[in-house]
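Below: one structure, written as structure tokens.
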Amino acid sequence: MNPLRLYNTLGRRIETFESFDPLTVKMYVCGPTVYDYVHIGHGRAFVGFDGIVRYLKLRGFNVIRVQNITDIDDKIIKRANETGKDWREIVDYYTKDYMESLKALKVEIDQHPRVTSHIQEIIDFVQKLVDKGHAYITSSGSVYFDVDSFPSYGLLSGSKKEEWNQGEEIVKEKKNPYDFALWKAWKPGEPYWESPWGKGRPGWHIECSTMSTRYLGEQFDIHGGGVDLVFPHHENERAQSESLLGKIWVKYWVHVAYLTINKEKMSKSLGNIIPLNEALKKWGPSVLRFWYLSTKYRNSIDYSEQTLEQARSSLQRLKDAMGIIRSVIKEEPKSHSNEEEISTQREIISLIGKFHEAMSNDFDTATALSNIYEIANLVFTKIQYTRDFMGAMLAFDAFRQFNYVFGVMDEEFSPSYETMYKVIDSVVEIRNILRARKMYDLSDEIRSVLANAGIKILDGKEKSTWRFE
């Protein structure tokens with residue numbers, strides 16, 4: 001098995017992966033702030049990390065994945081004020097959209113902690129930072145992290161603390177303009193919780209430090225998110241967490257690259273934000289997953305009608321190859337393989353190895369997929385005609401491993417589909433008999449019925465095969 005290597009944003013280099021526990025990988029990924037619909041950029045991160053989790057599991061790791069829900073934040077309060085709705089109504093509505101999108105994309109999360117369910121733990125975390133001299137309380141009741149108390153601040157992002165534009169934060173009550181809020185004092189009309197410093201609510205960065213430590217312990221393996229979170233969010237998380245714990249908090253920082261739309265940055269000002277639920281309705285979960293994972297997670301990806309159509313076509317070709325594989329496997333195996341078949345089998349074994357080599361090299365799904373394409377090509381050009389049983393079995397295993405990671409061909413591997421395949425095979429075989437007897441009207445009628453069910457008949461010289469449309 002190839003050693004597993006991944007790019008660590010902390011250090012900006014490829015490193016050999018070694019989890020704290022050799023059998024378990026603990027991962028925390030920053031989830032959405034639920035004030036609006038999740039969009040296709042969020043979907044890229046959800047599926048990108050899902051591909052990483054799935055490959056880790058394929059290698060035998062037990063993976064614990066935590067992804068938070070930020071359900072109290074400036075943006076949520078602003079949206080509530082704009083709409084005249086209670087902030088909790090806003091949160092519930094968009095949390096439902098988020099959860100439904102995850103389910104559609106077949107992304108499984110072990111823990112989904114919400115900020116408002118961990119207020120006391122956040123308060124305790126902040127108090128400990130105050131006690132250790134890493135945070136200070138202001139006259140307004142806000143609590144700020146003292147960035148100068150953490151000498152390695154900026155190591156993760158490569159940014160200087162002075163570069164941080166903090167927008168609306170109250171600079172005048174801070175020791176330094178770059179200090180950031182751990183606890184925000186209450187303002188009239190805002191939700192609040194009681195604390196030792198008065199009424200208020202958590203700052204953005206403290207919530208992730210608190211909840212990740214709560215569910216994964218004081219040290220865990222992977223902290224992930226979009227590349228836009230490196231600074232200041234993840235930089236601030238690292239500062240406050242390691243200041244409190246006094247040791248390395250996270251081993252590997254992993255970030256997914258930007259998604260653009262027709263080569264332009266996705267933004268509200270350009271009016272080009274595409275809600276994930278709309279993309280799911282248009283393209284379907286499998287095509288979207290396939291499109292996301294066709295590009296390596298650290299490379300930017302551009303959304304366009306053309307690229308999605310290409311993804312749909314490419315996925316269908318793989319499904320067609322799978323149909324041929326199944327048709328060969330159900331035949332009587334030969335007593336031995338000839339030289340041509342043995343050569344094909346060796347090539348498939350080599351390509352399976354290259355698939356794992358690519359996935360082990362910083363989860364390079366794009367290169368891994370290219371090897372699956374080559375196996376599919378062997379199915380179309382060799383196995384389809386030689387009816388090589390062993391070659392088909394090897395290709396079947398390659399597609400099984402591919403689907404374990406990509407999750408785009410689950411139907412082809414589900415038990416219920418085994419029965420359905422047998423039924424369709426029987427119908428097609430009956431049609432072959434009818435064609436042999438030159439009963440073309442009836443055979444054409446069967447073709448029409450199957451077509452209405454989304455099944456396309458492919459007539460050959462001797463017999464017919466089929467595939468899903």
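Using N, Cα and C of the backbone, Cβ positions are placed for all residues, glycine too.
Predicted, not measured: the structure shown is a model, and the values here were computed from it.
Swiss-Prot lists motif ''KMSKS' region' for one of the ranges 260-264, 265-269, 305-309, namely 265-269. Record note: among 32-42, 87-97, 274-284, 351-361, 32-42 is the stretch given as motif ''HIGH' region' by Swiss-Prot. Apart from Cys30, Cys208, His233, Glu237, the Zn(2+) site neighbourhood in this chain, defined by C-beta within 8 angstroms of the site C-beta centre, holds Trp204, His205, Glu207, Ser209, His223, Gly225, Leu229, His234, Asn236. In the shown protein chains, 27 other C-beta atoms lie within 10 A of the C-beta of Glu237 (Zn(2+) binding site). Annotation for Cys30 (Zn(2+) binding site): spatial neighbours Gln67, Asn68, Cys208, Gly224, Gly225, Gly226, Leu229, His233, His234, criterion Cβ-Cβ under 8 Å with sequence separation of six or more. Taking each of the binding-site residues Cys208, His233 in turn and counting other Cβ atoms within 10 Å of its Cβ gives the largest count for Cys208.
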